[in-house]
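Report on one structure; see the data block that follows.
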Amino acid sequence: MESLDRRRTGSEQEEGFGVQSRRATDLGMVPNLRRSNSSLCKSRRFLCSFSSEKQENLSSWIPENIKKKECVYFVESSKLSDAGKVVCACGYTHEQHLEVAIKPHTFQGKEWDPKKHVQEMPTDAFGDIVFTDLSQKVGKYVRVSQDTPSSVIYQLMTQHWGLDVPNLLISVTGGAKNFNMKLRLKSIFRRGLVKVAQTTGAWIITGGSHTGVMKQVGEAVRDFSLSSSCKEGEVITIGVATWGTIHNREGLIHPMGGFPAEYMLDEEGQGNLTCLDSNHSHFILVDDGTHGQYGVEIPLRTKLEKFISEQTKERGGVAIKIPIVCVVLEGGPGTLHTIYNAINNGTPCVIVEGSGRVADVIAQVATLPVSEITISLIQQKLSIFFQEMFETFTENQIVEWTKKIQDIVRRRQLLTIFREGKDGQQDVDVAILQALLKASRSQDHFGHENWDHQLKLAVAWNRVDIARSEIFTDEWQWKPADLHPMMTAALISNKPEFVRLFLENGVRLKEFVTWDTLLCLYENLEPSCLFHSKLQKVLAEEQRLAYASATPRLHMHHVAQVLRELLGDSTQLLYPRPRYTDRPRLSMTVPHIKLNVQGVSLRSLYKRSTGHVTFTIDPVRDLLIWAVIQNHRELAGIIWAQSQDCTAAALACSKILKELSKEEEDTDSSEEMLALADEFEHRAIGVFTECYRKDEERAQKLLVRVSEAWGKTTCLQLALEAKDMKFVSHGGIQAFLTKVWWGQLCVDNGLWRIILCMLAFPLLFTGFISFREKRLQALCRPARVRAFFNAPVVIFHMNILSYFAFLCLFAYVLMVDFQPSPSWCEYLIYLWLFSLVCEETRQLFYDPDGCGLMKMASLYFSDFWNKLDVGAILLFIVGLTCRLIPATLYPGRIILSLDFIMFCLRLMHIFTISKTLGPKIIIVKRMMKDVFFFLFLLAVWVVSFGVAKQAILIHNESRVDWIFRGVVYHSYLTIFGQIPTYIDGVNFSMDQCSPNGTDPYKPKCPESDWTGQAPAFPEWLTVTLLCLYLLFANILLLNLLIAMFNYTFQEVQEHTDQIWKFQRHDLIEEYHGRPPAPPPLILLSHLQLLIKRIVLKIPAKRHKQLKNKLEKNEETALLSWELYLKENYLQNQQYQQKQRPEQKIQDISEKVDTMVDLLDMDQVKRSGSTEQRLASLEEQVTQVTRALHWIVTTLKDSGFGSGAGALTLAPQRAFDEPDAELSIRRKVEEPGDGYHVSARHLLYPNARIMRFPVPNEKVPWAAEFLIYDPPFYTAEKDVALTDPVGDTAEPLSKISYNVVDGPTDRRSFHGVYVVEYGFPLNPMGRTGLRGRGSLSWFGPNHTLQPVVTRWKRNQGGAICRKSVRKMLEVLVMKLPRSEHWALPGGSREPGEMLPRKLKRVLRQEFWVAFETLLMQGTEVYKGYVDDPRNTDNAWIETVAVSIHFQDQNDMELKRLEENLHTHDPKELTRDLKLSTEWQVVDRRIPLYANHKTILQKVASLFGAHF
């Protein structure tokens, strides 16, 4: 079988014959798998060959589920192949058939029937396809039968080929032959097509061949692949081609699968066949068992596209049905047919103007009214755009083209013309999205589902510009709850502009943010997010502690634990642990919000669980944290702009980002975090600056206000934790710190006054010191003394004096009075040190915020000066212990002497308060780090030179101390100029050394001669080594160290002011909390504190000035004031942004572009106005000419004048319109063009009958239409009372028209109609079909449409209004399988008053009452109905009666509702069950078109909204 297949396919190229012209109906579609250059992206799943296991699965699955078609009976055809061989009717030769197909000659002469002679067999062509001589491009291919179910092909593509479900189908159709496009237009098309496919995750479906529009698409994908990287995305291009038309297809036949199959692209030898395009990624090759027959793939492709478009795809957290759009380039008759079918199926089409032929014809007439699209106009356009084949067009074809183009243009909502350079359509991707939105907006839906669908598309594709201009308009008022699902989707997919848009359109975060929403957001963090990994660690730790097998579910207290690590332990948990962690909540492990596009309310799918508190304390804070931890810059900025406690929020975000940046491994992400942290710090500075300018006192309150939302911390504490030096160095904050530093003293007091009062405190009573509060000036002496000595500045200086006294006493004891038995001075030092120990202990255990001992210890030892204090105290204790033991007295004194150095170093902390010396401490710290790393470099040279020198000079030195001296110590001193005297041999002396190294106080002598008086080592070598060592160590390395110091100094010096201002806070805070008495008198304060805490159990008081808990009302007022000033800050920022030169240039450019567009539009309007005026003038001249012609003719007939000299006043016009056509053109076009439209649809409903095309101008019977030859169709109906079936007038001879014919009323509301050859003629004109069609009677078929309405009322009973007008509700019904509703009416039985359908939904006992209501109703319409079932000889006429219930308590209304039922029990055996509902009257109600017109008249009758 395999060899036969190969032989058969091998001769297909030579034996092809009679190839039909290809139908250019190639639709296209692009997937969104990430793709780049194949040589760089070998790991891509569809470019890599399947693994052996996958190949085996595919080799077994495809033959079982996918078939091919083979001709099993050879029936000789009358035609020969191109090589002159006999072929079968299928197009293949004898050799290309199976053995069972070769039958005796008895089968010859019989007609070949594909239904009998073609059978399905397991396919033998599938696998990977490799195009030879074209690098290493690899695709997928499969040969399928034309009857293969679409679901099987879809399963193959998504499950076995591994394609992601598309977000969009782009069906590209157009010219099947090569055509030329402008370079710019070609570039725009290629770029836009690939862009929309790559960014939206679309599939592009084309015909797959290497010609025409398919080649254009392939080249677009190729260009993208060559210029992109693996990360930029992959474009999936699927070619659906006919197997029997593929050149060189024999190489694709592999019964067990080709992995890979090589395919040669041979354009020169393809003949009438076609080659596959090498730039397509997947091929579906449709087989019907024939050879050389084009268009076989069209039905399967149409079904496949329809099947895929009915699937649901989730994108950006939103589930929508996969939309489809048709993109048209160039094309011929087949393309026109494809566009026509797409428009009729509701598929939006994008026509690329400038691509040629059909596309340009449609683009040229798309803006014209349908009445102006005439046969002559289309003929003129065809002569321009189809110059080569215009002569082959017949009159029937031109009429058909005119009719189809009229129907296409009539549905403008589905037609989008892409014009190069058109405003708002700079690229094809914008045109495609606009086409989908325009089509969606035109659909009929109840309520907001239609707008919701449009918004889903815009969010899924991240096109906020179109959403702003096309969706959020005055046509629909969005409710905030309707936007909540979209808001969640925008947040998860990081689309900040949509978040801003939703906030602008009414979304309130307090209503949007719930516990379930937050959990949804946190559960859907990106796995690469650092916060996500931290959460996983917390959950794993909880699982470990609980000895649980499964990972616990995420709760907000887990998030709070991670946040506390980032914010610092000065904050409390933002989300406390709930009492019941297993409370009911939504399971949101997947970020998708299930939203069905077709008529399901968003609100019904976005309900929160009830029974517990759902809303958070501060929703803006919660969203802000979520955005910040993911480093979403724009999103965080938008949410911060909504925050109330904005200064604290900005500082907290700065802290979180800086902490995350320390752990982030990705350098780029870390830098972005730091940049965003700086941005938030600047925002905090900006808001605080506005507040401080407005009111200094209230601004300073903001600094120390306890923020409940941010863990009961303060703005100042957050800034310090985040090390926001710029914020802390702000003038307002420094003024506040200065105020705290001076306590209740005036800042104007000089330091010398403070010191004098400390030395002579009675000066306090003389007014020598001034206080901030005037009341202290007049208070009694104790209050003034207390205020003075409690000021931090006084406490600081008193402690300085005390510390200097301690150091002096310590030095005195060490140098003068260090006795075997301690003196009173030494005992005083012990007491002094004990007071220092007590103070350090107090600082360690002081925990007013309840952080815990371990955390307080961690915070305590995080300070360098505290470490130094502890080290000095411990060293003192060690020295004291040794000192008290007589045997270790001297070592004890040494230890205490070293300890004195540490106590002296502690003095540097005092310099922090100095603006000059404070930054220098930082410089010293950083230089010490520089020295530490520098020593590693220096050690290399020191050790290398020292070892070499020691080895050259000294032989076998065994004393370790002298080795160390020779290698390290002497080498180190050499750097500073202490060069050994003997190294050059000049000052060599044996007296200064020990020959054998026996003298412990002398070094061993260098190598000497046998006399021992002269050196034996090479002096030149040691001198050379010394010079090199000094060059590198003394010059190079020391200068490097100096340069490092200089860099450190310059770096710190640039930020001296900020560093000093930041440092002084720690000192101020320390002395603000210290007891007022200095050591050792501080022991009294410690004793008092001990009694309060231990004995009296009095808790520690907070520092009121550094942490202030405000009353609720005061806090609310303060935050409102801050919010107001934040708005001022944001406005100033926007103004400054607009004043930037770059922004001004951009604004000017946009204004110039707008002005140019307006001028162009004005020119077009003027040109159009001129053309209209000329046409009007031409028509007036024609009328005058005809009038004069009539006058002349009348005068001549009356005997006035002779006919010989009469002038011809009616000249032959170029268009030569008859009078009837002139009257047609005078008609004003209405929405229905003035003619019946539905009655002229080419395909008759529920039948495979095609109407004869009837353009608008040929509708009236008076218009001459010589080629009019409509088919005849009369359906057989199972109703007894119907007219007979027949295409002749004989069976109808007994029918009497224009009268009441027995029980049938054949009179028309439009008067007497014409009866021609026994058939009545439709009074509205031609329809393109003769006969009765599916109607019951020839002539008029009368129907009744009751329009039952009532006012729409709210829960309170008041009438609802929209745009000032009252709103109506109408009673409608529909079949379960129908998408549209209808009025409860229809045809009536002869002699009956109520329609049949109305009787089925109304109980029989109410029929008489309803007839009474009909007689009392108001007739709103009576006449012809434009129905698709109408024909030339049968049509529908209706009477519409309005039945309105003004009062909701109307007894007849209640009876009507009681007697309505969903279906008639007698009709249970039928599939015609009707349902009824009350629906709001609106122009978008999904109602049949003719019924909607009636409903509009009823709304106008009552002045209601429509």
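Cβ coordinates are placed from backbone N, Cα and C, and glycine is handled just like the others.
The feature ADP-D-ribose 1 binding site is assigned by Swiss-Prot to T173, N178, R301, G332, T335, with similarity to another entry given as support. Secondary structure at T173 (ADP-D-ribose 1 binding site), as computed by DSSP, is strand. Within 10 Å of the C-beta atom of T173 (ADP-D-ribose 1 binding site) sit 32 other C-beta atoms, taking all shown protein chains into account.
In sequence order, Y860, N866 constitute the residues six or more apart from Q843 (Ca(2+) binding site) in its chain with CB-CB distances below 8 Å. The feature Ca(2+) binding site is assigned by Swiss-Prot to E840, Q843, N866, E1070, with similarity to another entry given as support.
Counting only same-chain residues six or more apart in sequence, the Cβ atoms lying under 8 angstroms from the Cβ of D1427 (ADP-D-ribose 2 binding site) belong to S1238, A1239, W1435, I1436, N1490. Look at Swiss-Prot and you will find S1378, D1427, R1429, Y1488, N1490 tagged as ADP-D-ribose 2 binding site, backed by similarity to another entry.
Look at Swiss-Prot and you will find C993-C1005 tagged as disulfide bond, backed by similarity to another entry. Proximity of C993 (disulfide bond) to non-local residues of its own chain (separation of 6 or more, Cβ distance below 8 Å) is seen for K1002, P1003, K1004, C1005, P1006, given in sequence order.
Taken from Swiss-Prot, the feature domain 'Nudix hydrolase' applies to 1350-1501, supported by sequence analysis.
Per Swiss-Prot, the feature phosphothreonine maps to T738. Long-range C-beta contacts of T738 (phosphothreonine), restricted to its own chain and to partners at least six residues apart, with a cutoff below 8 Å, comprise V747.
Summarising the annotation, Swiss-Prot assigns region 'Disordered' to 1-22.
According to Swiss-Prot, the feature topological domain 'Extracellular' maps to 814-824 (among others), an assignment based on a curator's inference. Helix, strand and coil counts from DSSP across the topological domain 'Extracellular' (814-824) read 3 helix, 0 strand, 8 coil.
Under 8 Å from some Cβ of the topological domain 'Extracellular' (886-893) lie the Cβ atoms of residues 814, 818, 820, 879-880, all in the same chain and six or more residues away from its ends. Annotation source Swiss-Prot lists topological domain 'Extracellular' at 886-893 (among others).
The topological domain 'Extracellular' annotation in Swiss-Prot covers 948-967 (among others), and the record cites a curator's inference as its basis.
Annotation comment: Swiss-Prot describes 983-1019 (among others) as topological domain 'Extracellular', evidence class a curator's inference.
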Output field, Ca(2+) shell: CB within 8 Å of site CB centroid, site E840, Q843, N866, E1070 dropped: E839, L844, Y860, D863, W865, D869
Secondary structure tally of the topological domain 'Extracellular' (886-893) (DSSP, helix then strand then coil): 8 helix, 0 strand, 0 coil
Per-residue Cβ crowding (10 Å cut-off), top of binding-site residues T335, N866, N1490: T335
Binding-site residues compared (G332, E840, E1070, Y1488) - the one with the fewest other Cβ atoms within 10 Å: E840
Distance, R1429 (ADP-D-ribose 2 binding site) to T335 (ADP-D-ribose 1 binding site) (CA atoms, angstrom): 27
Sequence-remote partners of the topological domain 'Extracellular' (814-824) [C-beta within less than 8 Å, at least six residues beyond its ends]: 830, 886, 889, 893, 896-897, 900
Cα-to-Cα gap, R301 (ADP-D-ribose 1 binding site) vs R1429 (ADP-D-ribose 2 binding site), nearest whole Å: 29
Among R301, R1429 [binding-site residues], residue with fewest other Cβ within 10 Å: R1429
Segment-level pLDDT (mean, integer) for the topological domain 'Extracellular' (948-967): 83
Using Cα positions only, nearest of the binding-site residues to G332 (ADP-D-ribose 1 binding site) (E840, E1070, R1429): R1429
C-alpha spacing of Y1488 (ADP-D-ribose 2 binding site) relative to E1070 (Ca(2+) binding site), in angstrom: 82
Rounded inter-Cα distance in Å - E840 (Ca(2+) binding site), T173 (ADP-D-ribose 1 binding site): 84
Conformational class of C993 (disulfide bond) under the three-state DSSP mapping: coil
Between R1429 (ADP-D-ribose 2 binding site) and T173 (ADP-D-ribose 1 binding site), the C-alpha gap once rounded to whole angstrom: 31
Around the Cβ of C1005 (disulfide bond), the count of other Cβ atoms that are within 10 Å: 22
